[in-house]
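A.B. asks: Take a look at what TrEMBL says about it:
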- B:4-365: domain 'Aminotransferase class V' (DOMAIN)
- B:Gly71, B:Ser72, B:Asn151, B:Gln179, B:Ser199, B:Gly200, B:His201, B:Thr237: pyridoxal 5'-phosphate binding site (BINDING)
- B:Lys202: N6-(pyridoxal phosphate)lysine (MOD_RES)
- B:Cys325: [2Fe-2S] cluster binding site (BINDING)
- B:Cys325: active site, cysteine persulfide intermediate (ACT_SITE)
Amino acid sequence: MLYTEKVMDHFMNPRNVGEIENADGVGEVGNVKCGDIMRIYIKVEGDQIVDVKFKTFGCGSAIAASSVATELIMGKTIDEALALTNKQVIDELGGLPPVKVHCSVLAEQALKAAIYDYATKNALTFKGLEGYDPDEDHHDHDVVDIEF
Amino acid sequence: MKQIYLDYSATTPVKREVVDTMLPYFTEIYGNASSIHGFGQEAKSVLEQSRKSIAETINATPDTFYFTGGGSEADNWALKGVMRANRKKGNHLITSKIEHHGILHTCTALEKEGFEVTYLDVDAEGMVSLEALEAAITDQTVLISIMFINNEIGTMQPVKAIGEIAHKHGVLFHTDAVQAYGNVKIDVNEMNIDLMSVSGHKIYGPKGIGGLYIKKGIRIQNIIEGGAQERNRRAGTENIPGIVGFAKAAVMADENLEAHREKLIYLRDKLANGIMDVIPYAKYNGHPTERHPGNVNICFEFIEGEALLLSLNAKGIAGSSGSACTSGSLDPSHVLLAIGLPHEIAHGSLRLSIGDFTTEEDVEYTIESLKEIVQKLRLMSPLYDKVLKEGK
Amino acid sequence: MKQIYLDYSATTPVKREVVDTMLPYFTEIYGNASSIHGFGQEAKSVLEQSRKSIAETINATPDTFYFTGGGSEADNWALKGVMRANRKKGNHLITSKIEHHGILHTCTALEKEGFEVTYLDVDAEGMVSLEALEAAITDQTVLISIMFINNEIGTMQPVKAIGEIAHKHGVLFHTDAVQAYGNVKIDVNEMNIDLMSVSGHKIYGPKGIGGLYIKKGIRIQNIIEGGAQERNRRAGTENIPGIVGFAKAAVMADENLEAHREKLIYLRDKLANGIMDVIPYAKYNGHPTERHPGNVNICFEFIEGEALLLSLNAKGIAGSSGSACTSGSLDPSHVLLAIGLPHEIAHGSLRLSIGDFTTEEDVEYTIESLKEIVQKLRLMSPLYDKVLKEGK
Ligand SMILES: Cc1ncc(COP(=O)(O)O)c(C=O)c1O
Ligand SMILES: Cc1ncc(COP(=O)(O)O)c(C=O)c1O
Ligand code: FES
Ligand code: FES
């Protein structure tokens, strides 16, 4: 099969789809032209992410990666969430085909964007956001040389 | 779970009768057609009978039809063979932007060898303009290669008129008829075709066998040299079971052409109309009438084709898409871009291709499933969001 | 009448087990391996499994083995692909005078493109000289292509030593192993092989499928462009039934290699010795020990090969000949001339090739029949006349 059972499960039964009214942070990355847009909403209480939702326009692994990423950070602190890498997303999915690695990068970036939005709105700084540039093009279909 | 195959344009199952015809040639009449003993002569005789049968379906003489290892080889042979053999005449080739990669990537290779290639635009329905074609011909033009039926959007070109223009200017005309053969009646003489590629596995025959029609008197170089097979033009021990199967499939298709077309067109229209009726924000691609009898190609806005295919697959339905995510490249299908679709819409394309084993229930089930799936995916889509909130 | 097939070097019957393995892929698992739905993914998975199985038999990794439409295509691809891709390195290719036409005619084509080719002589037993080979290498030499086992006289070259010489001089080494694969154990690494052609129908697998081993890192151009199949190197919808059958045949051959060789060598020697014992004025061609386990090649003086074949055929025995009369050309086989046979002797050549279904009785019957036939034809021959009258 193209994808692992785990990918198919998250694709067919995505967790945390939707949006959060009055979210504390919203991040959107990707580009319609390239066929993938990911938007993540977070609700924060104290330094904890108490709710997270996503909407994704993209392929099966983009949807599965969004789903897994939201699951991984639900209930975590902001700092913990910022430590999430696309490699963790891939591991959690039981692997992705090389040409689909960029879809997991998108999930990592969408989350960072949401936290950045929250940080900016509340004038907060987080170590994990140092050097983060929201306008950077995160979208690279050629990210394939990641070791699993 | 019920399995519904709606990807006949990708490949077809081999018909039972075709397999049965092939079987003896694996284990009993297994000779090499070049051998002079009985085993070889039996193989030789069925080889020539098969060639004759196929030639007849396109109104050609047997000595103009050459077997190849498939449609791609035929495409490569036609273009490289003719261009390289006619360097003295000129170095210019005309094709279209919506050809199969078997043609387009061959053109790129020819450009590297120093040939010049004009890639004609097509209109929103995938049609080549005859005026633009004629205007592109120069005194260097050796060959025009325009596909008969496009494999993605199903658009059928005015082949006869293209051949007429080619001949008026003393230019050769090749057509990639891999999708057309077995689905529309082809007469190479009447249609002014000089070279034509066909393939077995698109017409309920075996994979790994195809053919190139080459009108008599055409200068063409070989691309596979070696033994004297195929009258010295294509080396390699003849794939007799494949050839016999291809011929059987070709004859069956030819004899049943009208009924096949009627059935396909009926189901195709039912499927296409059914989908367009129940799913909003959808665009039917290709030409409304001049199209493959079994081809349905629709773009669904706000969602992505691969996700659509996976969801369909989970319901047992097999289709295909021109989305970038299925191709592993950044861009969606060159065909969808050539008919002017914006990237974001081309991403949501779905091709469902109908064939001889498709039933009315398959069509109904597919429409229903698709409706659910598109709805579900759209509810996940940040793009649809905006439409719901802001209208469109 | 009893039919005795002794032309296994021309082609083999497909084994029952091989056909049975292929069957489901015609009618059930018929998907296109490039499709992402279940039908396609099943095909993809068996495609990669087949590639792995074959690669294992030659001690290669799966990503170095590419499927082609046969042995000739593999030969063309290896030579044209490597020479065209390495023009910057040089323009010289070394091969031998006894190669299959798949190599020799490709060399002619390359010469027309401006490449230079050295055709090495062979000795009376068909062996290439390693000294001559090394002496032929220049700073322009890109590739050496020497066949593993000759298809006519069965001579097996010292492949490992040839590869060693090639690598010592930084030159690539291709071998046409179409006759060797399945008959001798091949280890591409140990034997210093960079590229290797194989074909399904010589090892009890289907026709129309073959393969090219290409060591990692080798620069090679495509000869068939188009879709992204075979990791972008060989376009065309994958011939899954053919590939599955080829893999099954390859694995069966590999598992049974020793028993197969022993049986063949036993029968071959019985046949060769039996013939040489009872028929005078005969010459056993090829190397006495370094040869194909199933190959017998003998020239009978004073008679002509085609007449011999027809007479054998009339007795139900299928063989082959390198006589000019079977080739339709004026000259007898280039291989027989290259080992220094005079024309008149080369005309009377007979190749009998033994395979897995050959029995001891077949061999005995063949010896007897041949004795009668040669006698009968000689009595008709004006050349034999003189011998009878004048002695020799
Ligand atoms: C030594 C050798 N090379 C190449 C070939 C060509 O293989 P194919 O017939 O599969 O194209 C053959 C047999 O025909 C052969 O014996
Ligand atoms: C229009 C067209 N041309 C060429 C080909 C290539 O044919 P084959 O897969 O037999 O090489 C195909 C199908 O894959 C096709 O649809
Ligand atoms: S979103 Fe395009 S490949 Fe995943
Ligand atoms: S004697 Fe007739 S072809 Fe040679």
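Here the Cβ of each residue, glycine as well, is placed from N, Cα and C on the backbone.
Locate each feature and note its surroundings.
C.D. replies: Summarising the environment of B:Gln179 (pyridoxal 5'-phosphate binding site), the number of other Cβ atoms within 10 Å of its Cβ, over all protein chains shown, is 28.
Long-range Cβ proximity for B:Lys202 (N6-(pyridoxal phosphate)lysine), meaning a same-chain Cβ under 8 A and a gap of 6 or more residues, is found for B:Tyr8, B:Ser9, B:Thr11, B:Thr12, B:Gly71, B:Val178, B:Gln179, B:Tyr181, B:Gly182. Secondary structure at B:Lys202 (N6-(pyridoxal phosphate)lysine), taken from DSSP and collapsed to helix, strand or coil, is helix.
Long-range neighbours of B:Cys325 ([2Fe-2S] cluster binding site) (same chain, six or more residues apart, CB within less than 8 Å of its CB): B:Glu304, B:Gly305, B:Glu306, B:Ala307, B:His347.
B:Cys325 ([2Fe-2S] cluster binding site) falls within a helix when secondary structure is assigned with DSSP.
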A.B. asks: Filtering B:Asn151, B:Ser199, B:Thr237 (binding-site residues) by proximity to ligand 1: which pass a Cβ cutoff of under 6 Å to any of its atoms?
C.D. replies: B:Thr237
A.B. asks: Which binding-site residues (B:Ser72, B:Asn151, B:Gln179, B:Gly200, B:Cys325) come close to chain C, taking a Cβ gap under 8 Å as close?
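C.D. replies: Cβ contacts with chain C under 8 Å: B:Ser72.
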A.B. asks: From B:Gly71, B:Gln179, B:His201, B:Cys325, which binding-site residues have a C-beta atom under 6 Å away from some atom of ligand 3?
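C.D. replies: The binding-site residues passing the 6 Å Cβ test are B:Cys325.
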A.B. asks: For chain A, which of the binding-site residues B:Gly71, B:Ser72, B:Asn151, B:Gln179, B:Ser199, B:Cys325 fall under 8 Å by Cβ?
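C.D. replies: Of B:Gly71, B:Ser72, B:Asn151, B:Gln179, B:Ser199, B:Cys325, the entries that lie near chain A are B:Cys325.
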A.B. asks: Report, as a single number, how many Cβ atoms besides its own are within 10 Å of the Cβ of B:Thr237 (pyridoxal 5'-phosphate binding site).
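C.D. replies: 26, counting other Cβ atoms within 10 Å of B:Thr237 (pyridoxal 5'-phosphate binding site).
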A.B. asks: In the three-state scheme derived from DSSP, which category covers B:Ser72 (pyridoxal 5'-phosphate binding site)?
C.D. replies: helix
A.B. asks: Taking the Cβ of B:Ser72 (pyridoxal 5'-phosphate binding site) as the reference point, list residues of the same chain whose Cβ is under 8 angstroms away and which are at least six residues distant in sequence.
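C.D. replies: B:Ser72 (pyridoxal 5'-phosphate binding site) has long-range Cβ partners B:Gly102, B:Gly210.
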A.B. asks: Look at each of the binding-site residues, B:Asn151, B:Ser199, and point out the one with the fewest other Cβ atoms around it within 10 Å.
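C.D. replies: Output over binding-site residues B:Asn151, B:Ser199: least Cβ neighbours within 10 Å is B:Asn151.
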A.B. asks: Near B:Gly71 (pyridoxal 5'-phosphate binding site), how many other Cβ atoms are within 10 Å of its Cβ?
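C.D. replies: B:Gly71 (pyridoxal 5'-phosphate binding site) is surrounded by 31 other Cβ atoms within 10 Å.
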A.B. asks: Measuring CB to CB from B:His201 (pyridoxal 5'-phosphate binding site), give everything in the same chain under 8 Å that is also at least six residues away in sequence.
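C.D. replies: Sequence-distant Cβ neighbours: B:Thr11, B:Thr12, B:Val14, B:Gly70, B:Lys207, B:Gly208, B:Ile209.
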